[in-house]
Amino acid sequence: TPAAVAKTEAKQSIDDALKAKNDEIDARTDLTDEEKTAAKAGAKDKADAAKEAIDKATTNAEVNQTQSTGTTEVTSVNPEALTKSAAKQSIDEALKAKNAEIDARTDLTDEEKTAAKAEAKKKADAAKEAIDKATTNAEVEQAKISGTSEVTSVNPQPEAKPEAKKAINDALKAKNDEIDARTDLTDEEKTAAKAEVKDKADAAKSAIDKATKNAAVDQSKATGITAVTSVNPEAVAKTEAKQSIDEALKAKTSEIDSRTDLTEEEKIGAKAEAKTKADAAKTAIDNATTNAEVEQAKVTGTREVNNVNPDAVAKSEAKKSIDEVLKAEDCEIDGRTDLTDEEKTAAKADAKAKADAAKAAIDKATTNATVDQAKSTGIEEVNSVNPIAQIRPAVGASAGVHVNSANPTSKEKPQEKQAIDQVLKTDEAKAKVKDSVASTISQLENENQQVATNQRVVARELPNTGTTESITAIVAATASAILGFGLIARRRKEDEEDKLENQ
């Protein structure tokens, strides 16, 4: 029996081609087992069809043709790796979406975005590697799911911008605390200052948000911190209020210093009182928390300072003492029966001149000590006025009546007083006395006026003013003027005595 060589060899070639294809398919790592199985089944179907065609061939030529066609069919089997490709495509799409998401993040710097995308790519590459290593569709699917999850889970936390904003917020808080601790600011000034600080902080954070690089973020942070910390509100309300108090104090001090009715000690006391009130007002201003409270403290303090109005005690009391001594001296003079009205008038004018000079000296005094000295001197001068009765004794002598003019306290005897009064009651005697005294009284009044005008007379000058001499001149002139009347009085007395003897 002849051997079937042609068909047997042809089928063997088909089997060899199938085995080679199966080995090739098994070596493919991009195919899953299911894809390999399906591909090998397809190759086997083609091999079986080729071998069936060989069996049907009747000639060597047909066998050869069928073998060639079958081998080509088997070797042409080239399965597409759909599962892994699709899985990797899913990973790539997830990576692309993640990159777009990262790029859209304004809270990330370019450096942070680059790092985050590198992390996402690393996870995507790992997922695709796992897909490549998977052998079954199920493993590929699992690797795809895990990989996609890993890629999508990449969520970079911004560090540069949050840290920069935190630094701005820390600076803002510190500045607000500093402003709140400022006792020289009112609530309104604090509120305005903190609003300014917040504006600067917000601007800094906005600049940080717009920054794209770490360096730009750092620069915006540094600039913002400087802007926030540089806010240093000026204390206007309290400063101006205290300035008003100082001005009121200065004006009051000048007013006190210009007071000539006060002694240095009284001025010092008054200025100390004004300063105490000013200091209290400024303390109240410092303690005030609102503009309204500051204004109220200023108004009250200014009024308190302005109300300081020291009484001129030392000079007033000194001048009162002078007036009391003058009054006592006038009463003493008025009580003197040995003096004529004109002598009393002249003496009281002398006492008043000395009192006025004393008060002028008191006005000129600047210290308590000099006021006391001027008072003491003035009292002594006023008390020293002790007029000597010369007119009545002179008239009495002219009339033959003895009067002790050296002793002002000695009293005229009734008959002496009657005789003297008789002479002085005549109209002509009155006129002479009045005219003689009037010029000197006028001189005293002029001297008093001079004292009041130029304030140049001091208490110790009074004995040298000529006042005493003027009074003496009055008395002498008046005595001379009425001497003739004294002789007439003597004659009348003698006539009366003669009449008595003749009776």
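A Cβ is built for glycine as well, from the same backbone N, Cα and C atoms used for every other residue.
As given in TrEMBL:
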| type | residues | note |
| --- | --- | --- |
| COMPBIAS | 22-55 | compositional bias 'Basic and acidic residues' |
| COMPBIAS | 60-78 | compositional bias 'Polar residues' |
| COMPBIAS | 120-132 | compositional bias 'Basic and acidic residues' |
| COMPBIAS | 145-156 | compositional bias 'Polar residues' |
| DOMAIN | 6-80 | domain 'DUF1542' |
| DOMAIN | 83-158 | domain 'DUF1542' |
| DOMAIN | 160-235 | domain 'DUF1542' |
| DOMAIN | 237-312 | domain 'DUF1542' |
| DOMAIN | 314-389 | domain 'DUF1542' |
| DOMAIN | 459-495 | domain 'Gram-positive cocci surface proteins LPxTG' |
| REGION | 22-81 | region 'Disordered' |
| REGION | 120-167 | region 'Disordered' |
| REGION | 179-202 | region 'Disordered' |
| REGION | 256-280 | region 'Disordered' |
| REGION | 295-321 | region 'Disordered' |
Confidence summary (mean pLDDT) of the domain 'DUF1542' (6-80): 97
Secondary structure content of the compositional bias 'Basic and acidic residues' (22-55), with strand meaning DSSP E or B: 29 helix, 0 strand, 5 coil
Tally of DSSP helical, extended and coil residues in the region 'Disordered' (256-280): 19 helix, 0 strand, 6 coil
DSSP-assigned states of the compositional bias 'Polar residues' (60-78) in counts, ordered helix, strand, coil: 16 helix, 0 strand, 3 coil
Long-range environment of the compositional bias 'Polar residues' (60-78) - Cβ separation under 8 angstroms, sequence gap at least 6: 6-7, 10-11, 13-14, 17-18, 20-21, 25, 39, 42-43, 46-47, 49-51, 53-54
